[in-house]
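Asker: My questions all concern the structure below.
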């Protein structure tokens with residue numbers, strides 16, 4: 001009940017802020033041609049927003065632990081890009097009247113805890129988390145790109161451009177993590193696989209709720 005109430009408050013605040021800002025940005029998602037298409041697009045946008053929200057919370061957790069270390073500028077740079085991604089999906093959801101997942105309060109907590117707990121392992125632990133999460137997000141974006149290409153690449157050209165741009169930046173974060181000794185953390189493969197199982201579960205749930 002507490003989590004549900006928090007989700008309701010978030011949605012109300014989300015749409016209220018959209019109304020205050022006005023609709024000065026152009027739509028990148030064309031109007032759905034059917035109820036089925038609307039449902040597909042809503043699920044796609046909802047899970048993308050949830051993923052970027054969770055990634056922001058992960059980097060927030062990492063900075064809470066490593067914010068005064070030499071790793072801070074590197075983590076901050078990646079976090080700044082994630083903030084840009086989240087802001088864009090906030091706009092897209094609001095513009096298309098797509099509700100965020102009701103589990104945002106849960107992703108808020110779990111994302112921060114994941115970021116902070118892996119950062120406690122040091123820079124390599126934070127980088128291992130980054131590799132695992134960004135690889136999962138990139139794979140999911142690739143799946144969406146394939147789906148939109150099969151549906152109508154010309155009709156969804158603007159949305160494809162956004163997703164491809166964000167996919168490329170997520171892969172850049174993934175490569176940065178590998179370059180900065182992610183694989184040197186003890187139990188790397190176990191940690192990576194565990195995080196990615198959690199990411200897949202979060203994607204599955206966020207698409208539906």
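Each residue's number is its place along the chain shown, starting with 1.
Keep in mind that glycine also has a Cβ here, set from the backbone N, Cα and C atoms.
The shown structure was predicted, so the numbers you read here are calculated from the model rather than taken from an experiment.
Quick paste from TrEMBL:
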type	residues	note
BINDING	52, 82, 85, 170	Fe cation 1 binding site
BINDING	82, 134, 170, 173	Fe cation 2 binding site
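Can you tell me where each of these features sits in this structure?
Answerer: The number of other Cβ atoms within 10 Å of the Cβ belonging to residue 170 (Fe cation 1 binding site), over all protein chains shown, comes to 27.
For residue 173 (Fe cation 2 binding site), the number of other Cβ atoms no farther than 10 Å from its own Cβ, over all displayed protein chains, is 25.
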Asker: Inside 10 Å of the Cβ of residue 52 (Fe cation 1 binding site), count up the other Cβ atoms and send me the figure.
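Answerer: The answer is 22 other Cβ atoms.
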Asker: Anything within 10 Å of residue 134 (Fe cation 2 binding site)? Look among the binding-site residues 82, 85, 170, comparing CA atoms, and list what you find.
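Answerer: Neighbours among binding-site residues, in sequence order: 170.
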Asker: For residue 134 (Fe cation 2 binding site), what is the tally of other C-beta atoms lying within 10 angstroms of its C-beta?
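Answerer: There are 25 of them.
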